[in-house]
Amino acid sequence: MSWLTPELTEILITVGKAIVILLVVVTCGAFMSMGERRLLGLFQGRYGPNRVGWGGSLQLVADMIKMFFKEDWVPNFTDKVIFTLAPMIAFTSMLIAFAIVPITPTWGVADLNIGILFFLMMAGLAVYAVLFAGWASNNKYSLLGAVRASAQTVSYEVFIGLSLMGVVAQAGSFNMRDIVDSQEHLWNVIPQFFGFITFAIAGVAVCHRHPFDQPEAEQEIADGYHIEYSGMKFGLFFVGEYIGIVTVSALMVTLFFGGWHGPILPPFVWFALKTGFFMMMFILIRASLPRPRYDQVMSFGWKVCLPITLLNLLATAAVILYNA
C-alpha cells in the first residue's frame, strides 16, 4: 500500500506497543486486587474468595460486573465537575507514570531523557486528584483524608527524589534505559542500598498502602477522601491504587535490581519475576505491620528518611569524586 510508508509503519508499531503495555499494566492492577485477597487469606489462615468459578478464579469478573452495575451516585452537595475529575486524574497519572519504564531492550512506551523527572512529575500530579476528591466531596472526613494524603505524599516525594539522585549520579543520566545498562555487571541495590530502602518506604507511602494508609483509614476517618464515591468512580480510585503498586514495583526493579538483566531466562521473564516479587512484598507488608499514628508517619519521614537520603547522596558524591 502506497500510503503505508516506513515512517508511518514505525509510528503504528510504537503506538501498538504502548497500547499493549498499558493494557497489561491495567490488567495486572486488576488481578492484583484478587491476588491480594487470596494471599491475605493464606497469611491469616483463611480461605479467601473461593466461590465464584473454580477455586475463585472468576472472582475478578464478578467484582467487575458488580461495580459496573452499581449506581454511580453523585451527592447534591458536591462540586460535580471536580468530583468527577478527581478519579480520572488518579487513574491516568499512575498509568502514564509507567510509560517511562523499559520492560526489555526493545519494549517500552516512552524512552525519555528525563525519565525519572517525568515519574516525579506524574507522582506529584496524583496529589491533585486526592485534593480535588477531598474538597469536592464537601465532607469533613473526606477533607481530613485529603489533607493527610497531600501532606504525606508531598513529604515522601522529597525522599523519593533524593533517594534517586544517587542512582542518577552513578549512571550519569536521567534516562531509564541508561540506568538499566549501567547495572549490567552490578545492581544498584548494592552501592545504593540505603537509597533503595528509602525509596521502598517512600514508595509505599506515596501509594497510600498499609502501614501508610492514614489518608483512608476506615477505623479513623471512614475511608477518607473515598467516602462519597461509588460505582465506577470508586473503581478508578481502586484500580489506580493497584496500578501505582505495579509502577513503583517496576521502578524498584529498573532502578535498583538491574531491570531486565539476568542469566539464562529471556529479559521479559526476568523483569516480570522481579516486579511480581515486589508486588508480593506490598501484600506481605499489609498482612504483617500495624498502622502507626499519623504524626509518627510524618516524624519518621523527616527525622529518619531525610537524613538517610542526604547521607547516601553525600557518600555517593564522595565516591564519584574520589574515583574521578
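Placement of Cβ uses the backbone N, Cα and C atoms for every residue, glycine included.
Taken from Swiss-Prot, the feature transmembrane segment applies to 11-31 (among others), supported by sequence analysis.
Listed as Cβ neighbours of the transmembrane segment (81-101) (distance under 8 Å, sequence separation of 6 or more from its ends, same chain) are residues 18, 21-22, 25-26, 74, 108-110, 112, 115-116, 118-119, 122-123, 125-126, 128-130, 132-133, 135-137, 176, 228-229, 233-234, 236-237, 239-241, 243-244, 246-247, 250-251, 254. For 81-101 (among others), the entry in Swiss-Prot reads transmembrane segment.
Feature annotation from Swiss-Prot assigns transmembrane segment to 114-134 (among others); the stated evidence is sequence analysis. Residues 82-83, 85-90, 93-94, 96-97, 99-100, 142-147, 149-150, 153-154, 157, 160-161, 164, 167-168, 174-176, 179, 206, 215, 224-226, 229, 237, 244, 251 of the same chain lie 6 or more positions beyond the ends of the transmembrane segment (114-134) yet place their CB under 8 Å from a CB of it.
Residues or ranges marked as transmembrane segment in Swiss-Prot (evidence: sequence analysis): 154-174 (among others).
Here Swiss-Prot flags 186-206 (among others) as transmembrane segment.
Same-chain residues lying 6+ beyond the ends of the transmembrane segment (237-257) with a Cβ under 8 Å from its Cβ atoms: 25-26, 28-30, 32-33, 87, 90-91, 93-95, 97-98, 101-102, 119, 126, 133, 164, 167, 176, 179-180, 183, 187-189, 192, 195-196, 199-200, 203-204, 206-209, 226, 229, 271, 274-276, 278-279, 282. The feature transmembrane segment is assigned by Swiss-Prot to 237-257 (among others), with sequence analysis given as support.
Among the features that Swiss-Prot reports, transmembrane segment is placed at 264-284 (among others).
Among the features that Swiss-Prot reports, transmembrane segment is placed at 304-324 (among others), with the record citing sequence analysis.
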Which sequence-distant residues neighbour the transmembrane segment (186-206)? Criterion: at least 6 residues beyond either end, Cβ under 8 Å.
123, 126, 152-153, 156-157, 159-160, 162-164, 166-167, 170, 179, 212, 244, 248, 251-252, 255-258, 261, 282, 285, 297, 301, 305, 308-309, 311-313, 316, 319
Same-chain residues near the transmembrane segment (304-324), Cβ under 8 Å, at least 6 residues beyond its ends:
156, 158-159, 162-163, 165-166, 169-170, 191-192, 194-195, 197-198, 201-202
Folded-back contacts onto the transmembrane segment (264-284), same chain, C-beta under 8 angstroms, at least six residues removed:
28, 32, 35-36, 39-40, 43, 103-105, 107, 204, 207, 209, 245-246, 248-250, 252-253, 257
